[in-house]
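Student: Pasting a structure here, questions to come.
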Amino acid sequence: MIVSGIKRLLLGAVPLVTLLLVWQGAALLLDSSNFPSVQQVFVSLHTHLFAGDMLHHLLVTLLRVLLSFTIAMLLGVLIGIMMGAFPRLNQAGDSLLVIALNVPALVTIMLCYVWFGLVEAAAIAAVAINKIPTVVVMVREGARVVDQDLLDVAKVFQVSPLRYFFKVYLPQLYPFIMASARSGLSLIWKIVLVVELLGRSDGVGFQLGTYFQFFDISSILAYTLAFAAIILVIEGLIMRPLDRFIARGGYHGQS
Amino acid sequence: MVSLDIALQSKFYANSPDKVLGPLSFSVSAGEFVALVGPSGAGKTTLLNMIAALQSSAPGEIKFNGRPLMGKPGCKIGYIFQQPRLMPWLTVADNLRLVKPDIHESDIGAILAKVGLEGKSLLYPKHLSGGMQRRVSIARAFLTEPDLLLLDEPFVSLDAPNADNLRSLLSELWVEQKPTVIFVTHDLNEAIQLADRILFLSAAPGMVILDQPVAIARPRLPDDSRLQRWKTDLLCDYSGLLEGVLSGPGLKSVSGGK
């Protein structure tokens with residue numbers, strides 16, 4: 001068990017180490033301030049982390065990510081279930097959904113800032129609005145293929161509405177919700193950075209914008225690295241255990 | 001226990017001009033074990049689903065203790081489906097709790113012991129064999145002490161010894177709780193072994209072509225010579241029964257029963 005764990009860890013580390021080595025080699029070859037070495041980036045990371053205010057900006061961005069992620073997931077799952085369960089609602093909302101999917105994130109962000117002002121609520125709303133349509137699409141697909149046979153079991157045995165929803169209906173959607181959460185997290189934090197770049201005075205996006213003006217690539221990469229590390233931790237501590245929970249009993253959704 | 005009166009004029013498949021059932025009319029007394037035997041496509045499962053209020057009713061009526069069915073199950077129903085239909089994400093114990101949330105741990109242990117699944121309560125369905133999953137579905141159906149038990153070919157595709165064991169188990173549990181039973185099967189031997197009465201259905205659209213009481217004293221074992229003799233006599237009288245056709249020398253005395 002431990003040996004296989006170590007093997008898995010080593011296997012995962014190989015591409016990462018290779019990337020770092022190639023990066024370091026290229027930086028040495030190019031010898032340009034626009035292409036800092038691995039060492040320079042880590043020094044910058046250390047400085048920002050312990051002497052600068054990186055932690056504050058990371059925390060602010062993380063809060064925005066979590067808030068907009070939660071709102072997007074809740075609304076997206078709700079609308080997705082409704083559209084999957086009620087064909088008429090789906091017909092009525094489908095063209096709207098296609099439009100929402102294709103409106104550029106940048107446009108939504110600009111409109112939110114113009115209409116609601118450069119405030120926190122506008123930033124969160126802009127991110128959530130960008131993500132909701134993709135959650136709706138994935139959950140709707142799940143709601144369309146729920147196993148009617150299992151729902152019939154609950155109906156015949158007169159299972160209460162709450163237990164019907166949480167024990168029979170919703171578990172069939174978990175794989176779809178999980179897939180949209182996974183893709184959502186990576187998409188949302190990228191959108192949050194744009195939102196911060198355009199209209200906030202703190203957060204990783206704001207900092208990246210500032211460092212871009214000074215062509216401080218080391219700091220840009222240090223911030224990117226730090227936030228990617230946070231997402232990796234979320235993936236390891238929340239997403240993977242959730243995956244295991246959903247796959248209990250070997251259920252991976254309707255094929 | 002519940003009595004049933006069924007009088008359906010016709011039932012069509014959704015979005016199809018094909019008639020699947022009717023006219024169809026029969027009654028089931030409270031506590032009676034009735035088997036429905038008929039060829040594939042005779043609408044047996046459709047009929048069970050209509051009784052369970054899983055499919056919309058057709059012109060005509062289904063009455064529970066004289067009261068018409070109004071869109072939801074008319075009494076406490078247990079249904080053993082052709083497939084076990086256990087929730088894959090719930091353990092055996094949680095599958096049972098789903099239909100009876102207030103059940104005690106000891107009662108779960110007791111019912112599982114009764115169906116031969118002692119110590120399996122924490123396993124997920126994927127860890128059980130097909131026969132074991134069916135045992136869980138039998139336990140689930142009897143757990144609620146149903147007034148009406150519907151069975152849709154529950155032992156199909158099981159090996160013979162396993163199916164025999166489960167038939168005995170079903171028989172024991174029925175004797176213990178005495179629900180009214182409607183049992184759909186293709187297997188005439190199975191029907192003779194278990195039922196008080198057998199209703200033979202025609203090919204689609206399903207109609208009752210023969211209503212035959214099984215006047216053989218219980219217990220009835222699978223290798224009981226009385227069952228074989230009864231079957232042979234019946235098929236001599238009505239040779240086309242299993243194809244859903246009422247034909248043969250017995251046709252002359254059909255009103256008298258066997």
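Keep in mind that glycine also has a Cβ here, set from the backbone N, Cα and C atoms.
The structure displayed is predicted, hence computed values, not measured ones.
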Student: Quick check on the annotations: TrEMBL lists transmembrane segment for one of A:13-32, A:173-192. Which range is it?
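Tutor: That would be A:173-192, the stretch labelled transmembrane segment in TrEMBL.
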Student: Under 8 Å for C-beta pairs, could you tell me which stretch among A:62-84, A:96-116, A:173-192 has the largest tally with the transmembrane segment (A:212-238)?
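Tutor: Going through each listed stretch, the top one turns out to be A:173-192.
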Student: List, by number or range, the same-chain residues at least 6 past the transmembrane segment (A:173-192) whose CB is under 8 A from its CB atoms?
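Tutor: For the transmembrane segment (A:173-192), the nonlocal Cβ contacts are 61, 64-65, 68-69, 72-73, 76-77, 80-81, 105, 109, 123, 126-127, 130-131, 134-135, 138-139, 141-143, 146, 203-205, 227, 231, 234-235, 239, 242-243, 246, 251-253.
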